[in-house]
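Notes for the one structure printed next.
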Amino acid sequence: MPELPEVEVTRRGIEPYVSGRKVERVEVRTPALRWPIPADLAKTLRGRVVRKVERRGKYLLFEIDAGWFIVHLGMTGTLRVLRHVPHPPAAAKHDHVDWIFDEFILRYRDPRRFGAVLWHPREAGDVLEHPLLAGLGVEPFSPAFSGALMHRLTRGRKVSVKQALLAGEIVVGVGNIYASESLFRAGIRPATAAGRVSLVRYDLLADAVRVTLAAAIEKGGSTLRDFVGSNGESGYFQLDYFVYDRAGLPCRVCGTPIKQIVQGQRSTYFCPTCQR
């Protein structure tokens, strides 16, 4: 699943091609994604200019004068920029939506169709008030995210520290891959109860989350199965994993074999020596 780095890489890749440009038309080939695409979306967006593209957690927010269309990549979604002059590229089986601009097509592809394309009209209020966004935690690169915040919000909680990271109620965008990698950098075992982690260790974890996500964005994200950036290129951060998907291999720091456990039906990887 695309996590925050992959979504941010996508945002940075597509914004120069769509920001300030007029949507000439929209072609919806598959209206039934995770939720139905609004039937009048193509009519609503025709002739509108995209003001900017922002990210909130794993959601991409495209602002026009009348509101925002929201894109979530789900498990296997990608957004690619394709040149359609002089000849538009043919759509493949899993290419569900095209936003067509003067020279480029923004194409949404999603083999498993767990993603979403939604509409939030301006009269409904700020887009951050949308039900899918209103309850999200803080952004990991914002000043609001800190070890003190995590420490305060986890007091008395028995859920594991990894599950607390994944929940998205404290900090957004940290999925399974980057939770495992961040906990390794912070030296914290993923099964440790969130309420038992000290403030000092949460300070280390907050720094580790920021460092891990920034490094992943710099490498274009992780490509394990489906993810490619807006230009069709794969990310390379998976080559730098310390623990994720490395069960049985030696720790890059101490040489101890990496262990794999299951938490909440997801695989978790850690070094039993470096993480305590």
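The backbone N, Cα and C atoms fix where each Cβ goes, and this holds for glycine too.
In this structure, PRO2 (active site, schiff-base intermediate with DNA) belongs to neither helix nor strand by DSSP; it is coil. Feature annotation from Swiss-Prot assigns active site, schiff-base intermediate with DNA to PRO2; the stated evidence is sequence analysis.
Within 10 Å of the C-beta atom of GLU3 (active site, proton donor) sit 23 other C-beta atoms, taking all shown protein chains into account. Per Swiss-Prot, active site, proton donor is recorded for GLU3 (among others), and the stated evidence type is sequence analysis.
Taken from Swiss-Prot, the feature active site, proton donor applies to LYS58 (among others). Within 10 Å of the C-beta of LYS58 (active site, proton donor) there are 22 other C-beta atoms, taking all protein chains into account.
The DNA binding site feature in Swiss-Prot is assigned to HIS94, ARG112, ARG157. Close to ARG112 (DNA binding site) in the fold, though at least 6 residues off in sequence, lie GLY74, MET75, THR76, each with a CB less than 8 Å from its CB. Annotation note: ARG112 (DNA binding site) sits in a coil segment as assigned by DSSP.
Break the zinc finger (242-276) down by DSSP state and the numbers are 0 helix, 12 strand, 23 coil. Taken from Swiss-Prot, the feature zinc finger applies to 242-276.
Every protein chain considered, the tally of other Cβ atoms within 10 Å of the Cβ of ARG266 (active site, proton donor) stands at 14. Marked as active site, proton donor by Swiss-Prot on the basis of sequence analysis: ARG266 (among others).
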Original post:
Measuring Cα to Cα, how many angstrom lie between ARG266 (active site, proton donor) and ARG157 (DNA binding site)?
Top reply: 20
**OP:** Round to the nearest Å and give the CA-to-CA distance linking HIS94 (DNA binding site) with PRO2 (active site, schiff-base intermediate with DNA).
**Re:** 17
Subject >> Cβ contacts of ARG157 (DNA binding site) (under 8 Å, same chain, 6 or more positions away) >> reply: ALA164, ALA193, ALA194, GLY195
Subject >> For HIS94 (DNA binding site), the number of other Cβ atoms found within 10 Å of its own Cβ >> reply: 17
**OP:** Could you please provide the mean pLDDT value for the zinc finger (242-276)?
**Re:** 97
